[in-house]
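Chemist: Have a look at this one.
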Amino acid sequence: MAMTDLLSAEDIKKAVGAFSAAESFNYKKFFEMVGLKKKSPEDVKKVFHILDKDQSGFIEEEELRFVLKGFTPEGRDLSDKETKALLAAGDKDGDGKIGADEFATMVAES
């Protein structure tokens, strides 16, 4: 399944472009711009599984660095600071990774 099966290619392009500058990533604005906030919990979990590149059931810090590339190959890598902020926002149980339920909560709260 491709990200464009769930989200509009135009929305993805606009959202990723809005955060192309270093240190500009804001996950709350990004999830809203890309249209994820309006999706059903089932679709949000499908997006999670696309971002979970190693299919471990979690998005680890290394996968978070490439979260924008998970939406489009043109996306930039997040900085260490941005990656750690995103992990802190999503990792509710403090295990150092984001599970599907944590991801869904993070999207819903954004």
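Every residue gets a Cβ built from N, Cα and C, even glycine.
Here the structure is a predicted model, which means the values were calculated and not measured.
Sharing the record's features from TrEMBL:
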DOMAIN    39-74  domain 'EF-hand'
BINDING   D52, D54, S56, F58, E63  Ca(2+) 1 binding site
DOMAIN    78-110  domain 'EF-hand'
BINDING   D91, D93, D95, K97, E102  Ca(2+) 2 binding site
Chemist: Taking residues 6+ outside the domain 'EF-hand' (78-110), which of them lie with a CB under 8 Å of any CB in it?
Modeler: 22-23, 25, 27-28, 31-32, 36-37, 39, 41, 44-45, 47-49, 51, 57-61, 64-68
Chemist: Would you count the other C-beta atoms found within 10 angstroms of the C-beta of F58 (Ca(2+) 1 binding site) for me?
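Modeler: If we count other Cβ atoms within 10 Å of F58 (Ca(2+) 1 binding site), we arrive at 18.
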Chemist: Determine how many residues of the domain 'EF-hand' (78-110) DSSP places in helix, in strand and in coil.
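Modeler: Helix, strand and coil residues of the domain 'EF-hand' (78-110) number 21 helix, 3 strand, 9 coil.
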Chemist: Which residues, sitting 6 or more apart from D54 (Ca(2+) 1 binding site) on the same chain, put a CB under 8 Å from its CB?
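Modeler: Expected: E60, E63.
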Chemist: Looking only at D52, E63, D91, D93, the binding-site residues on record, which one has the least crowded Cβ, with the fewest other Cβ atoms within 10 Å?
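Modeler: D93, out of the binding-site residues D52, E63, D91, D93, has the fewest neighbouring Cβ atoms within 10 Å.
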Chemist: Quick one: Cα separation, S56 (Ca(2+) 1 binding site) versus K97 (Ca(2+) 2 binding site), in Å?
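Modeler: Answer for this pair: 11 Å between alpha carbons.
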Chemist: Provide the number of Cβ atoms within 10 Å of the Cβ of E102 (Ca(2+) 2 binding site), excluding the reference atom itself.
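Modeler: A count of 19.
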Chemist: Based on DSSP, tally up the residues of the domain 'EF-hand' (39-74) by helix, strand and coil.
Modeler: 21 helix, 3 strand, 12 coil
Chemist: Mean pLDDT across the domain 'EF-hand' (39-74), rounded to an integer, is what?
Modeler: 96
Chemist: Determine, for the Ca(2+) 1 site, the additional residues of the same chain whose CB lies within 8 Å of the mean position of the CB atoms of D52, D54, S56, F58, E63; present them in sequence order.
Modeler: K53, Q55, G57, I59, E60, K97
Chemist: Of the binding-site residues D91, D95, K97, E102, which sits closest to D52 (Ca(2+) 1 binding site) by Cα distance?
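Modeler: Ranked by Cα distance from D52 (Ca(2+) 1 binding site), first place goes to K97.
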Chemist: With the Ca(2+) 2 site defined by D91, D93, D95, K97, E102, which remaining residues of that chain have Cβ atoms positioned within 8 Å of the Cβ centroid?
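Modeler: Going along the sequence, the neighbours appear as F58, G90, K92, G94, G96, I98, G99.
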